[in-house]
Amino acid sequence: MNKKDKKFNYIFGSEIVNDVKKRLPYYKSDWIDACHYRVLPACLNIYFSNLLPELAFALDMFAKTNNSFGVNEVLLASVLGSVVFALLSSQPLCIVGVTGPITVFNYTVYDIMHDRGTPYFPFLCWICLWSMIFHFIIAIANGVYFVKHITKFSCEIFGLYVAFIYLEKGVQVLCDQLKYGLTNTFLSITIALLFLMVGWLCDTVGKSSLFSYKVRILLLDYGLVASIIFFSGFQHIGKMREVSLAKLPTTKAFEPTLSRSWFIKFWKIPVGDVFLAIPFSIVLTILFYFDHNVSSVMAQDPSFPLTKPAGFHWDFFLLGITTGVSGILGIPAPNGLIPQAPMHTAALCVKRVDYDEDEIEKTHKEVIDRVVEQRASNFIQGLMTVGTMTGPLLLVLHQIPQCVLAGLFWVMGFSAIFGNGITQNVIWMLSDRKVVSKNHTLNHCSSKRVVWLYTILQLIGFGATFAITQVDKASIGFPIIILLLIPFRTYCMPKWFLEEDLEILDENVGIIAYQKV
């Protein structure tokens, strides 16, 4: 076992200092290395990959917090995370923005506190300020060390949970269209389904062997954006123009959705509510501890040949700062984005295509030569998001029908489901053994029953997490279930599985990434 696996540093703040010392010598090259052709497509790819889900999340929070949050708040949160982490973080490849889980957290807090008559934004600000303190304590006490216990077991459960949240949000958006009449609802469902089919087709063809490599990459990078543009205008064809579809609500440029200041007067709240915010802040800290660190781990996946060191402790300390600032500004707290973080690294990969010819067929395989590790792409997409808050672009965003965002939720959800390890395990278990490759990884397990048991445990974990989200006001506790999965995997599962089987089924992604630090 590597020495790093055994040693926990008991000197407060030492790991933060080590993170900064290791990354600082590369700071100049982080900007010089940005002079590469892969940076521009990475900027555009991540800008749209970040923007489109955030518009959907903005619509969700707008509806469920009585217009407290809107497009500008979500965009500003994305700018805060992108710019701060691009300039100061140890791992600038990790994309930071507004996630699905934080939207669930924010509107659940609203539901709980609204009934008590507690002012929402001051209370949310105190949640963020307390969470900032807890982030500092964890980072200074070298507590991010325990990210080494995060494995694919809990990551895949969380990924499946987020995917089903996307699907649920899409359905909820369409259900909301019922208040505009049956004709409006029917057209909305039709457009959402068409968007799903076209978006799914772009993704499938982009990952296939059809057409040339450049065409496939073009479909993967910009197919979803083109679909949104097309279906935003689709409603104006023929008699469909007679149906007035509900649009994405926007506000004035650089102004909050509600008539308020960007600075939250957090002192205008009863003292009791200040301390009542502590348990909520603990839950938020737990969510960010898992969500952000998993995002960072996935951005540094072993499949990416990264050469520059990262730093978990300094980045978590930095996340505490952005969490506190977001509370003061009255915006959703940004953190690591699980789909976008590895997508960003993948977009910066310099690849070559190797062809393997045999007597029967010709196959091709993409090989990653290196990754363009730099800060500019994250920083530039943050500046592009600032531009999105201007009046003309907000007017453009206002033209997007809500049903298109519902279709976007579905595309993200189904893509995440079919790319999830749990789904792949289920497909393997249900497949005909005669047509499954003999070299398939799961064939090396001691028995098929082992794969069944492992997958069933994952589905139970997913079911518990998703079920608590469906319970009003109790849904705020879903990060606790996610956290409990880590000790369950570490201490309980080794008693039920052979070590050799766990090595095949459950890669320890946390320790692999942490060893690079």
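Just so it is clear, glycine is given a Cβ too, placed from its N, Cα and C backbone atoms.
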Which stretch, out of 93-113, 492-512, is listed as transmembrane segment by Swiss-Prot? 93-113
Checking 68-88, 93-113, 311-331, 403-423 against the transmembrane segment (121-141) for Cβ pairs under 8 Å, the most are found for 311-331
In contact by Cβ distance (the transmembrane segment (68-88), the transmembrane segment (311-331); 3 or more pairs under 8 Å): yes
Given 68-88, 93-113, 217-237, 269-289, the one sharing the most C-beta pairs under 8 Å with the transmembrane segment (377-397) is 68-88
Spell out yes or no: are there three or more C-beta pairs under 8 angstroms between the transmembrane segment (269-289) and the transmembrane segment (93-113), with each pair 6 or more apart in sequence? yes
